[in-house]
């Protein structure tokens, strides 16, 4: 993802879609087209709108798509993008049933499409491109890669880390099943020459944080990693705002993640503010 | 949405999983012979609290439990059985496949059990004979096909986030689910309106979670709100709730949220943590003022982001102090 990434917006004429399209354009993102069934032929902020992804893909080269379509219709939008050969699909939409997510994540994977989300704020490469809804003023170009299951907490941590700046920030989403799990994003940062340290913002539920710890322990990640996990005081079997922030049958508890990070030698911040001290330490080494 | 035991059993019946004969009642009833009286509560550990009783006198047992404040009861025939096993299904978050969780010992706390195995069923196909065979061999029980198909059906057709039978009784006449725990995917409730109305439930749409303490917590974004709750604990306080107002909340939503938290009698103080991106701080401030006039409990507001200056100005007019970060807001809340 860089300043040349050509982006399609699905659901471009909706309230969220049109609002964030204008913000992304302002940031410099190359939005080449939008899709909104029944609105084909019109223009929004100078961006040509098509009825289908296939029609847009005929006229424009498309590297990535961002989806703002409401939950009921979002799965179809994903299949449409995948079938048109879009290689990166970022799903902002929240509240898609988990079984539907599991189905399209699998569908995309076997066809070579990378999905980010759903229920995520998207990605930002500060100074280059924004494919998402992250408020750009809290991000600046630098050396820390951030991967997060949360939205606002990411903005908070990015602004706390202002003096170091960020290479890329990826909000992977708060759902139980997501297209790009945390460990994949961390491996991407490992390969990214601009990233010198990685911040992982996790929460209770699931086992992605444990996977990151395993990779670190196995030596597959050599760059320094610093972590924060939200939900220390969350009760079992309660959904904490995110569909994915829930512990069933004792899987993915706060303690399990803390232990995994400790064993892997990944320093864990007790508060979001402490992330800065830990980054300072690992970068000084 | 977590279902009551009797509601879960209603779904069990729909997918062909057998349950004991029973009735749901709010009043004491007469019953011939031995029966099980079960308080219908959403919290677990009913057994330990004496809220599941085998009895020959259903009428008085209901009266006794009523005295403990229980309102709804499930009365079921007593099922003599030789063995209890554990079965549940849910989506495996890592592989994206439904999985069956099985243990040869039922009626236990599955989290503490060492004897547990999972069987993943690929999303692209249904439960097949050889899947059933594998689970049956592990559990040492025959005749599981209908139960396993039914459990998978609950996940894939009824959008259950978790469907648990603990225990499943092995009897001479077959397998019966003695208990049920079913949690439906809140995101999928819109496609099961028929069931929701059959149960007489309403779609729950907010993120409110009740906790034990006395500090009310409101934030925007699940992660930030959890972090706020955790900070209160780390700094020596005790959170009373979790409430994430979500992205782009307007003044009305903020006011409603503060009233909801503030009207809880155990809440002594309220901490609000807002990092405005799409959410505008001036909207937040107006919502806070609106609710503050009605609840009259101390409120500590951390406010930063879009239209921050205007938001702070509004709050200051009403004498509400604002903070630059959550730590100082919580610090003051705990001190004062």
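If you go along the chain as it appears here, the first residue is 1 and each next one adds 1.
From the backbone N, Cα and C atoms, a Cβ is placed for every residue, glycine too.
Automated prediction, rather than curation, is the source of TrEMBL annotations.
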Same-site residue for CoA (record: TrEMBL; known: A:13, A:14, A:15, A:16, A:92, A:93, A:94; options: A:39, A:43, A:58, A:72): A:39
Candidate binding-site residues A:14, A:16, A:39, A:92, A:93, pick with smallest Cα gap to residue A:155 (substrate binding site): A:92
Pairwise Cα distance for residue A:242 (active site, tele-phosphohistidine intermediate)/residue A:14 (CoA binding site) [Å, integer]: 23
Per-state residue totals over the domain 'CoA-binding' (A:1-96) - DSSP helix, strand, coil: 30 helix, 25 strand, 41 coil
Where residue A:155 (substrate binding site) falls in three-state DSSP terms: helix
Chain B neighbours, filtered from recorded positions A:15, A:155, A:242, Cβ-Cβ distance under 8 Å: A:155, A:242
Lowest local Cβ density among A:13, A:93, which the record lists as binding-site residues, within 10 Å: A:13
Among A:15, A:39, A:242, the one of these recorded positions whose Cβ has the fewest neighbouring Cβ atoms within 10 Å: A:15
